[in-house]
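Note sheet for the following structure.
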Amino acid sequence: MLMKSLFRDTGALGASVRMLARSKAPVSQRAGLASLSRRFALGSGVVSQSLRAKSASFSRFSRLSGFSGLGSRKFGSSSALRNAAAAAKVTPEMANSVKTSNVVAYWLIGTSGLVFGIVVLGGLTRLTESGLSITEWKPVTGSLPPIGQAEWEEEFAKYRDSPEFMQLNSHITLDEFKFIFFMEWAHRLWGRAIGAIFIAPAIYFAVTKRSSPHVNKRLLGLTSLLGLQGFLGWWMVKSGLDQEQLDARQSKPTVSQYRLTTHLGAAFFLYMGMLWTGLDILKENKWMRNPAEAGKLLKALDNPVLGPMRKIAVGLLAFCFVTAMSGGMVAGLDAGMIYNTWPKMGASWFPNGRELMDPHFARREDKSDLWWRNLLENPTTVQLVHRTFATAAFFGVLAVHMYALKHKAAMPRNAQKTVHALMGVVTLQVALGIFTILYVVPTPLASTHQAGSLALVTAALVFANQVRKPRASVRTMINSGFAQNLVNKTANSGSKIMSEASKLTR
């Protein structure tokens, strides 16, 4: 074993010093060597104890990293020092796969903050009924708003031809139109800004190799999702401008709840992908800078208590996301405008079966689509589904919080703090949802509730990231760093002792 060879090196070093002390060297030199020998013997117990502790940790790292065969290798006293870095089998490709600058992480986390902001702005755009004010999609030339009275009149004329103006807003003036126009324009401009802030640096980081191949794959996926998101935004808006689609849905001029939720879900995925990748980079870099500290965390993460917690954390994140998407369906159908009571829905706990499964929403003659259309298109049923999901999410977080408290000693410290924050966020989010219903969806409350849904997903994501074990290549790098640090310390200690012995024998 590597550690046994290190023990042999230390023992051989002590034996050499003692042998010199018993040699035929002059009396004064033998006395000095004898003193050095006693000093070495006195410290050998401490050194041995330290090495054994590190040996146990190193063996654990080997098991965690999948290199259990490492211990069967035979090292001579010199090869243990020469080949320690190679012992963990770290290849250049493996090293490059985890080498990403912290600057990339900070950029990703900052850009995810911009995505958080545009989600909130998009909610405000919907709540102020501004989303259909721009009737064309011009990704480049649409960056500038109308300039001058003539251009404003031209833009207003386009809006007057839309179903929303003719059926709902025929009374608005040009000044009122300017307000809803600027709300939608700001939302689109923010999206363009995110595209520029993300794509250009992503190319730079990849070309200059500031980001690893592993991270580059994620950046490529996020770039593709960002481009798709722009298309989804227009695809959503178009559903509220096409009268044929409105007639098919038997709907007033508003966007499809399916397309709205798809657009919202893509924004959530974009946000989560950026944030998760940024957190991963910071975490992995911190571990590799301090392998010994990483070892303590790996030991905590290897605790059997956290095994179920990792799966539960990912499941909880997924469920919080699904709950947020059910909220998107509520928003798309204006389902929050009905049953403005809590905890009951009207006078009873649940609406009657006829209202929940209204045959009106079935479009097939055999009514085979009755169930799923009511679940996704009936405002009453959609609100009930969202209430049910929200309640389940609250109790799910509560259960995780109680489990974390019960096994507090096994939880990493940062995960303990996050699970407390998660409990606080879900409690606040439930309260916001209740008041949003009771006060019939006022814009400030509804917007804050939407922001709260993303805040809840954020807390769940951070928690899942913190209890997750590192990937194999990172574990190997940590293993290599620990071994190299240990060998360096042993070699340095031995060099100092031999240097003193050499001086005394001169």
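Any Cβ shown, glycine's included, is placed from N, Cα and C.
TrEMBL: automatically predicted annotations, no manual curation.
As recorded in TrEMBL:
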type	residues	note
TRANSMEM	104-124	transmembrane segment
TRANSMEM	189-207	transmembrane segment
TRANSMEM	219-237	transmembrane segment
TRANSMEM	257-279	transmembrane segment
TRANSMEM	316-339	transmembrane segment
TRANSMEM	384-405	transmembrane segment
TRANSMEM	417-441	transmembrane segment
TRANSMEM	447-467	transmembrane segment
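Against the transmembrane segment (189-207), stretch 104-124 has more CB pairs under 8 A than any other of 104-124, 257-279, 316-339, 447-467. In this chain, the transmembrane segment (417-441) lies in contact with the transmembrane segment (316-339); the count of Cβ pairs under 8 Å, excluding pairs fewer than 6 apart in sequence, is at least 3.
Only residues 6 or more beyond the boundaries of the transmembrane segment (257-279), in the same chain, are considered here, and those with a CB under 8 A from a CB of the stretch are 104-109, 111-112, 115-116, 118-119, 122, 126, 215, 218-219, 221-222, 225-226, 228-229, 232-233, 235-236, 239, 321, 324-325, 328-329, 331-333, 376-377, 454, 457-458, 461-462, 465. Residues 309, 312-313, 316, 319-320, 322-323, 326-327, 329-330, 335, 345, 350-351, 356, 375, 411, 415-416, 419-420, 422-423, 426-427, 429-430, 433, 456, 460 of the same chain lie 6 or more positions beyond the ends of the transmembrane segment (384-405) yet place their CB under 8 Å from a CB of it.
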